[in-house]
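Enquirer: The feature Cu(2+) binding site is assigned by Swiss-Prot to 21, 96, 182. Per Swiss-Prot, the feature disulfide bond maps to 62-185; the stated evidence is similarity to another entry. Marked as N-linked glycosylation site by Swiss-Prot on the basis of sequence analysis: 290. What Swiss-Prot lists as domain 'CBM1' is 291-327, and the listing cites sequence analysis.
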């Protein structure tokens, strides 16, 4: 089969989607879907994720290069109570395990000139939708397989222009400290006469740290039975997905104290902004370049560069595309 130049360009453009990367490009308001990047700031990062080590940068606000497109990005006028959503580009879906959150930040004036350096507050979040007391699975995440995240503009939102930031965190590489962040910002103007006082207020960057236990989080071993969403609680004038508030039993202390050195596990809570103060070492994420690989060490997966064989009595088990482990 011969491919013309246009076909080759198209295949090249969707190649990141094949690897599981994606970008939020469309805004949806009361059921009406806008064009790609019509009201969402386009960024130079494209489909590529921001890794946990990079979330201390100012680019973590609306993504790399987004201010360059701010002036040409339109501002959508919405009323309090309007249903708003973000949709992924080119039919992609969220096939990375992890939570989703939406933040807002009021611009001091024209949102097109606003860099997001002010205060942010959370208006929505999605975590786990099933009882995970028997062990967390990829399909337990509320976002799994979806292409859209929707919420309602809180009724008491003060009028003015805002950045609205959607963020999905892929925890599939969290065991190695490389959780992936997918995020963009929309520009809106809220009408009405709302007099609410949004909060808790946070700064971006600063809302998370790379070493936070719910960011540097091992979803593979021991299999988690709880998870606490990162960041502040949802503003009381906002909405939190009630299906994500299922509580799971606390982590078994014996498992947490085993020789496996897991990432900290904390009680699942939709509104808690402070993870439980449980202490544990960071997970082992690499293996020798050759020779014998010890039990519970990584032995394969997409992007893994080590080599060797699992020690006697163990075998290399595939947990998912990115993580194989000697167990």
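Cβ atoms are placed via backbone N, Cα and C, with glycine included.
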Enquirer: Please work out which residue of 62, 185 has the most C-beta neighbours within 10 angstroms of its C-beta, and give that one of the disulfide-bonded residues.
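Expert: Comparing the disulfide-bonded residues 62, 185, the most crowded Cβ belongs to 185.
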Enquirer: Given a 10 Å Cβ-Cβ cut-off, pick out the one of the binding-site residues 21, 96 that has the most other Cβ atoms nearby.
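Expert: The most densely surrounded of these binding-site residues is 96.
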Enquirer: Does DSSP give residue 62 (disulfide bond) helix, strand or coil?
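Expert: For residue 62 (disulfide bond) - judged by DSSP and reduced to three states - the answer is coil.
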Enquirer: On the 0 to 100 scale, where does the mean pLDDT of the domain 'CBM1' (291-327) fall?
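Expert: Within the domain 'CBM1' (291-327), the model's average pLDDT equals 74.
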Enquirer: Specify the count of other C-beta atoms within 10 Å of the C-beta of residue 182 (Cu(2+) binding site).
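Expert: Result for residue 182 (Cu(2+) binding site): 25 neighbouring Cβ atoms inside 10 Å.
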Enquirer: Look up residue 185 (disulfide bond) in the DSSP assignment and report helix, strand or coil.
Expert: strand
